[in-house]
Amino acid sequence: MSLRFVIGRAGSGKSTLCLREVQEELKQRPRGKTILYLVPEQMTFQTQQALIGSEDVRGSIRAQVFSFSRLAWKVLQEVGGASRLHIDEAGVHMLLRKIVESRKDGLSVFQKAAEQNGFFEHLGSMIAEFKRYNVTPSNVYEMWQQLDAHSSSAEQKLLANKVYDLQLLYDDFERALIGKYLDSEDYLQLLVEKLPQSEYVNGAEIYIDGFHSFSPQELEIVRQLMICGARVTITLTIDEKTLAQPVNELDLFYETTLTYEKIKQVAREEKIEIEKTIPLMEQPRFHSPALAHLEAHYEARPNEKFNGEASVTISTAANLRAEVEGVAREIRKLVADEKYRYRDIAVLLRNGESYYDVMRTLFTDYNIPHFIDEKRPMSHHPLVECIRSALEIISGNWRYDAVFRCVKTELLYPLDVRKEAMREEMDEFENYCLAYGVQGKRWTAEDPWMYRRYRSLDDTNGMITDSEREMEEKINRLRDVVRTPVIRMQKRLKRAGTVMQMCEAVYLFLEELDVPKKLEELRIRAEESGDFLFATDHEQVWEEVMSLLDTFVEMLGEEKMSLSMFTDVMSTGLEALQFANIPPSLDQVLIANIDHSRLSDVRATFIIGVNEGVIPVAPMDEGMLSDEEREVLGAAGIELAPTTRQTLLEEQFVMYQMVTRASEKLYISCPLADEEGKTLLASSFIKKIKRMFPNVKDSFISNDVNDLSRSEQISYVATPEVTLSYVMQHLLTWKRYGFEGNLDFWWDVYNFYVTSDEWKQKSSRVLSSLFYRNRAKKLSTAVSRDLYGDIIKGSVSRMELFNRCAYAHFAQHGLSLRERDIFKLDAPDIGELFHAALKKIADKLLRENRTWADLSIKECEHLSVLVIEEIAPLLQRQILLSSNRHFYLKQKLQQIIFRTSIILREHAKSSGFVPVDLEVPFGMGGTGSLPPMEFSLPNGVKMEVVGRIDRVDKAEDENGTFLRIIDYKSSSKALDLTEVYYGLALQMLTYLDVVTSNAQTWMKKGHAASPAGVLYFHIHNPIVEMKGDATEAEIEKEILKKFKMKGLVLGDADVVRLMDNKLSTGSSDIISAGLKKDGSFSARSSIASEQEFNVLQKYVHHTFENIGKDITEGVIDIAPYKMGNKAACTFCNFKSVCQFDESLEDNQFRSLKDMKDSEAMEKIREEVGGE
């Protein structure tokens, strides 16, 4: 029994010495005593390759490469102890979830924390840490007693409570495992116990290579190996000079020196002979003088400069993607020009979550074979999502999001259907569920679902059309596809008495869906497309899910569990599932995490993402215990994993290891922005390297080829997949701005794509964008006729839409596009309810020969309740009756109608104008409809402007009959003559024109009528602020002012007084007008003379004719208006259709100048020739 150390700095040949010794021994005595070569888990594959890589050793039974965990498995297989079921990480998390749920009421700190994402991962890691550091539940309990007895501050009490919770959960966890199961840490503890019984290990030659430190648990394994083995050789990265000095925590080799001393102490305790240490002083790894200098002087203060030609490259990149592309280009260059193999190259990084997806995509595009040494979660695989969402459907009462997450896995689809067709049908089905607000009991009820297109409150036709019947049948068929398998599982889960039966219900759910066959189809499809990684994913996921169910049954099979707990425990297990890494092929670029990788034999290393806070790592508290809490426990005798402070001290050694991996070339880079454009800073580590290599120039990796010289641009010509984007970028810039210089090779690249048989078709769509102009071509007369017909019948809103943006009009009224109908109460629905409610009250008053002025406050309230109750079942598929939230909203809407009724009552008392009719149709046909506004266009097409007028009021005096228009709005609005001039606000003046033009035939007395004005009435329930103790009358007066109607009224004092008979001088509380003492109007009055009203009406006719002419001539320009802070695109539903983009030359806003009303009126006069 002896112990031997092989020490040396990085690259000194420690592993090489050990491997050569083993190979020589195998060559001399291939059937001798066992040789164990122990390495960290990440090194096993490459060490096995290195061991049998020489010509003399092509294989071996005598020598085996193990990690500690694999050695445990080997020994337990030999001497017994492996009969207990292994519980993996997913099983641990599931068991912990169950323990926490059952202990929840007794927990002090973790009761609420258990609901946070990642809690069970942290809890599992904490328990594993306890085990690695030989801390038992009783140790934790004793620590709690000690802390509880001396807790005085809030921080001390929090730690005591946290330790109490941890010992409860740890103890429960150990009790659940005892005699039945083994987790990964238990294997190592069993290894310690069983090693003395192992004939395989007894007398073995043992090498321990690649470790820098050992946990107490691992140190016990080393102890037993020294006792059992013939000789243990341990390699450590230490400079021999360090051993001759007192240990200092700031030393580069502090951690490995401590490890050296700990192992020696164990050897002394066990009376193990300590052989003479073998120090290695040379640097055989480094073929580059610069890298040899970097290793030899890394820790020197001040930094030792290297003035020769450095094989170190430092780069900053515009962003993360540009950085990865730069790495990919350099790798291709090394392989093509310098005869590197891909396996000679490694990429090291720390923040892999930011890089891995980008690297997978770009390295594939650059045809670079690569292996990412990082396990991927299974949580996004369709099978895992299907199980999780199906259980969520059942436990969460069939919520929409859970249902359609399950649907979109496509595992609910019948096996023999065409996926593309079923996807389209399911999209329609989802639209139906959104429009009808389908969730909860509606899914499980047997009543067939109804389909009716909702049009408006006035649509009371109960007849079903053929298309509606056809859609109804399809919806009910698809409903059964979705719900039938889930309901079957739901019934089984409710009948289940034990966890085993619940797991069986999940298994049968998957079997009845033919999931194995569907996964096999996915695997075959992935292989056919060359995506072998995803092909193996589909194989692994089924095996892992089955293993998870087996583990669940083994652990808790006979226990009873609520459905909600079963769902939570299963979800926790599913979240922990990971895809196993496929061993790399013989020639791939290795992409690895700096902290976990153990590289050897690479010629070039790329260290990427070297940003401040990443390398060196920024201090952060993670896990169950903070640094301060760990230090308290450490002072009390419980040793745990290093604190953040200790980790930061070790960071220098991690970075030293990182830069000394390559033998020939070192590349260091950082992005200046992340994927979202957020600024990133270069690490101070880069400054250190620059100080050591002053001749190294910092290069910049641009994502814009136009910033580069010709020689640099040529390097961007790589694979056809990648180069296509760069040729596009360059030629697009040339097209817009032109360029100088001889860059004809981009045209050569372009010609390759357009002439290549393989790439001509693939690239045509992309390259065609070079000549793309986002311009809507004018429709032909024939197409325009086909779309709009020989008679154009449209509302005023449609005409205004055309003037806002001709393309939006084409999309809505030509192509009949519309947004997806969603079961929610929007502003148009609320507006429709307000109109209907006020009409119903007004109709009731007309039938009873009463006016608004005749109503009492109590009647206003009663009528508002009555009409809302009558309308609610008819509005938007009974949305106001669908939930408590909507019921509350219904009450708020009723209060608004009540308040509005009170104001209309007050207006009626103060006005000589009385309502003639509400919701007055024109051009709609039927009884009571006024004729449309008709136009005969120059090209022979007829146009009819139709609509419905909210309210028409009438007043009479000795000067005749006057009519005014009242339009109910759910938001504040005024009439802007600038908008009238540009054709954006034509509605009110059109309505006034229609009623005054048809007054003689429409009014009962048959008199002509003059325009009195147009006014907007804002329906709302305002809040007013009053100073002091205001009386109720004062408050009501202030509220009345909030309802002042804005618009444009006839500039006739008598007519204005008819609108507000309380007005003598001053401003009206009812309309936006006021009178001075001399009887003239105040400056802020919104008035127009009768002649101006005539000019405005004439201008409206003129505008409609122009609109009609443009529509029929096929004008569909993508030219939205913009005026001040208003723009047509702001609330447009068709932006994704027109793809308006200001950066394109063809896409610019129609800028409209805002004007004063007087200026606008003058321009209107000029247009129509009015005086």
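Going from the start of the chain as shown, residues are counted 1 onward.
Just so you know, glycine gets a Cβ as well, placed from its N, Cα and C.
Per Swiss-Prot, the feature ATP binding site maps to GLY8, ARG9, ALA10, GLY11, SER12, GLY13, LYS14, SER15. Swiss-Prot lists CYS805, CYS1129, CYS1132, CYS1138 with the feature [4Fe-4S] cluster binding site. Per Swiss-Prot, domain 'UvrD-like helicase ATP-binding' is recorded for 1-390, and the stated evidence type is sequence analysis. Under the heading domain 'UvrD-like helicase C-terminal', Swiss-Prot lists 281-587, citing sequence analysis as support.
Everything Swiss-Prot records as a feature, shown here on the structure.
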residue: ARG9; record: ATP binding site; DSSP class: coil
residue: LYS14; record: ATP binding site; DSSP class: helix
residue: CYS805; record: [4Fe-4S] cluster binding site; DSSP class: coil
residue: CYS1129; record: [4Fe-4S] cluster binding site; DSSP class: coil
residue: CYS1138; record: [4Fe-4S] cluster binding site; DSSP class: helix
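Put simply, of the binding-site residues CYS805, CYS1129, CYS1132, CYS1138, the one whose Cα is nearest the Cα of GLY11 (ATP binding site) is CYS1138. The most densely surrounded of the binding-site residues ALA10, CYS805, CYS1132, CYS1138 is CYS805 (count of other Cβ atoms within 10 A of its Cβ).
Note on the binding-site residues GLY8, GLY11, GLY13: the fewest other CB atoms within 10 A surround the CB of GLY13. Comparing the binding-site residues SER12, SER15 on other C-beta atoms within 10 angstroms of each C-beta gives the minimum for SER15. Of all the binding-site residues in the record (CYS805, CYS1129, CYS1132, CYS1138), the one with the smallest CA separation from SER12 (ATP binding site) is CYS1138.
The 10 Å shell around the Cβ of ARG9 (ATP binding site) contains 25 further Cβ atoms across the protein chains shown. Around LYS14 (ATP binding site), a 10 Å sphere centred on its CB holds 24 further CB atoms from the protein chains shown. Listed in chain order, the extra residues whose Cβ falls within 8 Å of the Cβ center of the [4Fe-4S] cluster site residues CYS805, CYS1129, CYS1132, CYS1138 are ARG804, TYR807, ALA808, ILE1118, PRO1120, ALA1128, PHE1134, LYS1135, PHE1140. Excluding the listed site residues GLY8, ARG9, ALA10, GLY11, SER12, GLY13, LYS14, SER15, the same chain places THR237, LEU280, GLN283, ARG285 with Cβ atoms within 8 Å of the centre of the ATP site Cβ atoms.
Separation of the C-alpha atoms of SER15 (ATP binding site) and CYS1138 ([4Fe-4S] cluster binding site): 64 Å, rounded to the nearest whole number.
Cβ-based neighbour count (10 Å, all protein chains) for CYS1129 ([4Fe-4S] cluster binding site) stands at 17. ARG9 (ATP binding site) sits 64 Å from CYS1138 ([4Fe-4S] cluster binding site), taking the C-alpha atoms as the reference points.
Ranked by Cα separation from GLY13 (ATP binding site), the binding-site residues CYS1129, CYS1132, CYS1138 are led by CYS1138.
Closest to CYS1138 ([4Fe-4S] cluster binding site) in space, going by CA atoms and restricting to the binding-site residues GLY8, ALA10, LYS14, is ALA10.
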